[in-house]
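Written out below as structure tokens is the structure these notes cover.
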Amino acid sequence: MKLNGTSLNTPLNGTDTIQHGYGQNGHSTAQLIDEIGDAHGAASIDTPMRPDAFDLDDATKIDLIEAHFREIMGILGLDLTDDSLNGSPRRVAKMYVQEIFKGLNPANKPEPTLFDNKFRYNEMLVEKDITVQTYCEHHFVPIIGRAHVAYISSGKVIGLSKLNRIVDYFSKRPQVQERLTVQIADELKKVLETEDVAVIIDAKHLCVSTRGVHDVNSSTITASYGGKFAEESTRQELLRYVSQASVTI
Ligand SMILES: [Zn+2]
């Protein structure tokens, strides 16, 4: 199968060398790859994408992923003629392209609705407890948690629900939590034309709770404090709001 001259049967981006070579300290590269996965480090702020990422349309991507996932299930020994399993490859393919990884496509990026700051509200605005559902790019299992997003207006205000939508857009990708935090912060800085933006994410990684160390209690907190939020008093004010119990209605 060919995708612009690259066979889908060969590893992408030159990972072939890494998989078969040996790293430093006598570790096999297979071991190193496991360690990178468990370290959950982010290598880049931009999601690493192929230059031809959007040459195929969504329908073609779904067809290709379906065929490959059918293959994976078959290799695992599952009987694809079984009624319960037969539709799974297509379900998974549609879920990848149309739902959980749809944030890879810039066409799905939310258009921010901005308003003039007519109320002359010059304090921080905090949108807290935004649901985060993203996917670990090392293990392709969910990361589930909450984001708290704050900004101080430089003259523009954003529709509140757009804050949730921006968090959701960058979440719908294979991710590492550090990169997700920075991508949300960078987008808000750009849209709101201010450095005074903070993002805090507290999330549970299912690759930590359901495999590997099997720790169901630990969660991971990441934070980005830009502009005035780097100042101790502003940061403390934000942390106070975030730690307050949420209103119930
Ligand atoms: Zn992971």
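Each Cβ is built from the backbone N, Cα and C atoms, and glycine gets one as well.
Taken straight from TrEMBL:
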type: BINDING; residues: C136, H139, C207; note: Zn(2+) binding site
type: DOMAIN; residues: 65-241; note: domain 'GTP cyclohydrolase I'
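Its Cβ placed at the centre, C136 (Zn(2+) binding site) has 19 other Cβ atoms within 10 Å.
In the predicted structure, the domain 'GTP cyclohydrolase I' (65-241) carries a mean pLDDT of 96. Counting every protein chain shown, 19 other Cβ atoms lie within 10 Å of the Cβ of H139 (Zn(2+) binding site).
Every protein chain shown contributes to the tally, and the Cβ of C207 (Zn(2+) binding site) ends up with 19 other Cβ atoms within 10 Å.
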